[in-house]
Amino acid sequence: MADEEENLPIPPTFLEKLLFYTTASFVLLAIFSLFAFLFLVPFVIEPAFTTIFMQFDPVSAQCVTAEVKQLFGVSNCSWASCREGCTKDLFECTQIRVNYKLGYAPNISATEYEALIRAERSLRKDYDYENYESPLDKLDPEMEDQELADVMPTGLQGNDSEWYFTGARLFPNVKGCGYPPILNCTVFYGKYRPIGNNYTCYYSRIDPGLVITELDMWQNTLNLVYAMAIPIPSFIISVIYLTFAYFKIYNTEDESEQAPLQSDAEAMATGDDGKPTTPGSDTFREDLACFGHQLKLQLANDKPKEGFESNSPPISNSASLSGTKSSFVNA
């Protein structure tokens, strides 16, 4: 009964349970934070940064659908105005091109609006006009005499034009893709596909040929902050705690558990008098004598058992020996 009571496991204390559950919680927090951040990078963080870098004009422009193409094949579908899913290949696509003219904020006058349009259409210092090569200059000489089909002009227009830009690509967002229920391409095409349909849009100052239908910079920045401010600090805090627990808390417990073993080993090595145990010391002789005495007792206890378990009884052996001795004397 005493041995069974000694072998019973010691129940963990409240602090040990608290330490275990705290460490497990931080491990799960680190794992979920890492996977959440990897998931948010292509769906939230990267589109939010792209929206900021493209510098969309917060003042909405007036767009009109000018051309719609329905194309088939991977080689023809280099882009699509809307697609549900940002990673799948395009085998069928709908391309919508629009003409747009700049809008103006309600707090400016018509004269300031005209000056703003002229400034937008003016020559840009960061554009290399001298090395610009028109696509018409690259035509094959054999095709110069052929009549070209009428193509809708695209690009920035002059001051005498009604439109600021013609033939711009229309997208619901900067990536042109999304997932339901946030983005529904059927609803998008039903609203913006009809030729001549008028609506507000937002153009990029970096790429005027890029136009999106919805822009909310405040919500875009808020999504970016949430996507980075929650997973990254959570992962860093979890790693810091786990590192501290590994090198400080659990390492201290291991040392406390090994302390009795080390003291016993030191006691065995030094002996009761505190002197080191050597083959010539009194402690070693006493231990050796004690071990020899215990060995003799063990051998003495094992001898009767071996004689009892043998096949030939010891009495017959003694009788045979006595008979042999008497015969030898008589002879």
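Start at 1 and count along the chain as shown; that gives each residue its number.
Heads up, the Cβ atoms here are built off N, Cα and C, so glycines get one too.
TrEMBL entries are annotated by machine, without manual review.
Sequence annotations record features per position, and here TrEMBL assigns compositional bias 'Polar residues' to 309-331.
Here TrEMBL flags 258-280 (among others) as region 'Disordered'.
The feature region 'Disordered' is assigned by TrEMBL to 302-331 (among others).
According to TrEMBL, the feature transmembrane segment maps to 20-45 (among others). Remote same-chain partners of the transmembrane segment (20-45), defined as residues 6 or more beyond its termini with a Cβ less than 8 Å from a stretch Cβ, comprise 12, 86, 223-224, 227-228, 230-232, 234-235, 237-239, 241-242, 245.
Proximity of distant same-chain residues to the transmembrane segment (224-247), defined by a Cβ-Cβ separation under 8 Å and at least 6 residues beyond the stretch ends, is recorded for 19, 23, 26-27, 29-30, 33-34, 36-37, 40, 44-45, 48-49, 52. The annotation transmembrane segment is assigned in TrEMBL to 224-247 (among others).
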